[in-house]
Amino acid sequence: MDFQSKKLINDPNDVVTEFIEGLIENYPGLQYLDGFPEVKVVLRADVSGAKYDKVAIISGGGSGHEPAHAGFVGEGMLTAAICGDVFASPNVDSILAGIRAVTGPMGCLLIVKNYTGDRLNFGLAAEQAKSEGYKVEMVIVGDDCALPPPRGIAGRRGLAGTLLVHKVAGAAAACGLPLADVAAEAKRASEMVGTMGVALSVCTSPGQVTSDRLGPGKMELGLGIHGEPGAAVADLQPVDVVVSHVLKEILSPETNYVPITRGSRVVLLINGLGATPLMELMIIAGKAVPELQLEHGLAVDRVYTGSFMTSLDMAGFSISVMKADQAILDRLDAPTKAPNWPVGAEGNRPPAKIPVPLPPSHSIKIEKTLSRPEKLSPQGHILETAIEAAATEVVNLRDNLNEWDNKVGDGDCGSTMFRGAVAILEDMKKYYPLNDPAETVNEIGASIGRVMGGTSGILYSIFCKAAYAKLKENAESVVTAIHWADALEAAIAAVSKYGGASAGYRTLLDALIPALSALKERLNAGDDPADAFIISAEAASAGAESTKHMQAQAGRSTYVPGDILASVPDPGAMAAAAWYRAAALAVKEKYNTA
């Protein structure tokens, strides 16, 4: 193991929960919900949701960016922070737990960085909370200025400028403003800020091998906070040159990302990405202020320098510039007890953790207990065979998926899919009602939702829920191949609807859509169902391989240059094709030996 991959940790799977426990020991004004490991929520110790008389400000996202977001929980800033696994969006249940814990009659505002997984998970949680009677608004922050105006649905990434939006919203809420006004101030603040980052090294996730993608003497402009590739790799330059370039990109009139012109008042935030010494950050600040004043004709009213939104151990920095007026300055100057704004840690220490709140009584459902049948029907045996083969194939493919994803994403596709597959294999032994295909599909979705973070987890949960609903429409006791095709069609439609992708976007749908087309064609032609599934599996594999030639239109791959995309297929599509093909082959073999 090389030096850069050394970590002061125990189990890589426990880093987020152990970080939260350490944070709470430092600051008596914070608590966490007693729901580890699925629920990882840090909240203000002085807030009780049902009695809280101000708008709650809630944010969060994947961990690995500390002190963001939990370090900015405190009076005058965030009311709660929802922590996902490292670089993975928090799950919907965790977000809902946070909403229920701190939201009173005034409602809550969710401030979400613009990443697909965060948008989907926070969006679904918001809709569920609304159905339970909570008032919820959501503001999405996309302050990235490094890349050209993006194509597709992904949009600009949320970066360190999000913290300035947190502060504005937190101060507005502390004044007692209603939810609509707080949301309006946050939205306006998000439109006033632009950010660009520069990395001298890529980050190393706990338990992962250090990437050598960024070599000696090189820097990467616009590298993402999850390690995804940026706008360009260049030779390392003196800091004066680098800062000048970054500010020109943020303030570029060609992209017009921020409404800042000569004579504007601005706020400057210099943010370390995790491994940059404070000395270097202060050097950057010392260059940036006169550059803004003399070269761009701006009045710099406030400067904040430190490591606020990091990327684990990445060496580098980001600069955020926000257009300011007196109203924004008043919000930024308002008092806060958020420990990493920073503020002191005075006050009595309450209990470190409190129970996870239950849903309101009117929405509590008495769910039936599901279990594995003592005796499997012929249909149950076939379903078990297909599930076991599909999940085992995903387990075996973990390293390949991670290798591909290291080039076009954040390198965790295989690990994420692996967690879901292992959970499916374990839960099937105890809980899956295999004689009931619809309920089994629903339970697969529950297994995935419990352990899989990020966009893959929520999309596969949506996939299973839609397939389950379609299968439940069937009144017959036996599910036929036509029923499975209809369920696959409904699942694909749901993923496309909520995820925003379709054929040609370089996603898992580029494997599943061809599979569905081939399956329906062969079944309509009267083919044997097992043979039809084999042919459709071949179509899935061909579709997945074809993603090498596609320009990404969804997810983090949107930000990756075309020459890198062309070197590997989409990991999500390859995973989908692999489990589909494994299931089809296993069912075919089962029929042949019957």
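From the backbone N, Cα and C atoms, a Cβ is placed for every residue, glycine too.
Annotated ATP-binding residues in Swiss-Prot are Asp410, Gly411, Asp412, Cys413, Thr455, Ser456, Thr507, Leu508, Asp570, Pro571, Gly572, and among Gly449, Gly499 the one listed with them is Gly499.
Looking just at the domain 'DhaL' (381-585), the mean pLDDT is 90.
Take the Cα of Gly62 (substrate binding site) and measure to each of the recorded positions His226, Asp410, Asp412, Leu508: the nearest one is His226.
Across the fold, the C-alpha of His65 (substrate binding site) and the C-alpha of Asp412 (ATP binding site) stand 16 Å from each other.
In this structure the C-alpha atoms belonging to Gly499 (ATP binding site) and His226 (active site, tele-hemiaminal-histidine intermediate) are separated by 20 Å. The distance from the Cα of Leu508 (ATP binding site) to the Cα of Asp118 (substrate binding site) comes to 18 Å.
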